[in-house]
Amino acid sequence: MQSSLARPLRPPVLAGCGGRRGHGAPRGSVSVARCRAEAAPPTVGTASRAPAGPYTGRDPEVKKPAWLRQRAAQGDKYARLRESIGELKLNTVCVEAQCPNIGECWNGGGGAGGEGDGIATATIMVLGDTCTRGCRFCAVKTSNKPPPPDPLEPLNTALAVASWGVDYVVLTSVDRDDLPDGGSSHFAQTVRALKELKPGILVECLTSDFRGDLEAVSSLANSGLDVYAHNIETVRSLQRIVRDPRAGYDQSLAVLKHAKDCREGMITKSSIMLGLGETDEEVKQAMIDLRAIGVDILTLGQYLQPTERHLTVREYVTPEKFQFWKEYGESVGFRYVASGPLVRSSYRAGELFVQNLVRNNKTGSSSS
C-alpha cells in the first residue's frame, strides 16, 4: 500500500528553503521537551534562520486541511506559564520552534483556548536557544558561534522544574557542535541536579546526535535519566534533504543503539515526520530499523512548514492514515506509539502508561 506520499520531491513553483514538535500530558507530569534543529550553518558569528534553497516554498497544489487549523493560544494556565517561564529566563521549544500545540499543552490538555485537568506542558531547551545546525524543517535560529552555555543553567532549570511539583519531565537542547562534547556534560549536570532535588522524578532527554560521539552518549545515558530520546526525523532517502549534512540516518541509529546498550532497562524513543515525500514502504522500513535496535517508543506527526524558506509540505496525511501507522507500529513491536497530525516528539511523554513502562523496566532490571 502506497499513498501520494510517494510523489517525488521536486523544486516547488515558488522560490525559497520546518519547525515542529510536544503535546498534552496528564496530571502530575510536565513535558520539557525539544524540537530538533539541524542544517547548513550560516555565516560565522551570526544568528539566522535556515537558508533558502531547493525543495522550499509553498506548493499551491497542497492545501492545509481543516483538521490542522487551531485557535490562537490563550487561557489562564497559558498566560501564567508563559509569565513564569519568562521570569525564569528559560528557553522553550514551544515558542522557538513555533509548535502548533502550545495552547493545548500550556493549558494542561484543554485545547488552545481553554483549560484542561492536567499539568501544563512546556518544552524547555538547555544549552541556549541557538543551534549550530540549520535543518530545513526547523524554525530554531542558528549560528556557528552561539553564546557559551550558562554554567548556572543546570541548577536553575532543576530548581524551576522541581518547583512545579511534577513527576515526569522531558529535557531537550539545541545542537552544540561548537562544544567539545556537544553539550553532553552540561545536559548530564541538569539531569543530576533534577534527580538530587527530586529523587523520584522521571527524566526523559531528547538529545542531539553529539556528532556520533558515543562517549558523549554514554555520559548522558549514565547520568540518571530514564528515557533516552533521539529523532531520526525522516526516512533514509530524505535525510540529506531534510537534515543538516552533519546528521545522518545511520548515525542516529548508532546513537539510539548505544544508549540502549549503556544500561539495562533503558527506554529509548524516536520520532518521524510525515508529509515530506516519503513512501509507505520507506516509513515501514524506518520503523523496522528502529525496532531492530530495540527502540521502545515512537511518535509520528505531520510536518508543518514554518515559513516559505523551509521545506515544502508534500502531503497532509489524514488522521485515518496516522491511525494506520499507529496500528502498524504496534504490530512490529513498539511498546508505545503516538501517531497523529499534531503529534510531536514529546506528545503525552509523561502519560501514565509511559510512567508505568519506565518504572516497570526499572523494577525488572533491578531484580534480574
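For all residues, glycine too, the Cβ spot is worked out from N, Cα and C.
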Feature region 'Disordered' in Swiss-Prot, mapped to one of the ranges 1-30, 301-330: 1-30
Inter-residue Cα distance where the pair is Cys138 ([4Fe-4S] cluster 2 binding site) and Ser346 ([4Fe-4S] cluster 1 binding site), in Å: 16
Secondary-structure category, per DSSP, in which Cys131 ([4Fe-4S] cluster 2 binding site) falls: strand
For the domain 'Radical SAM core' (114-335), mean pLDDT (0 to 100): 92
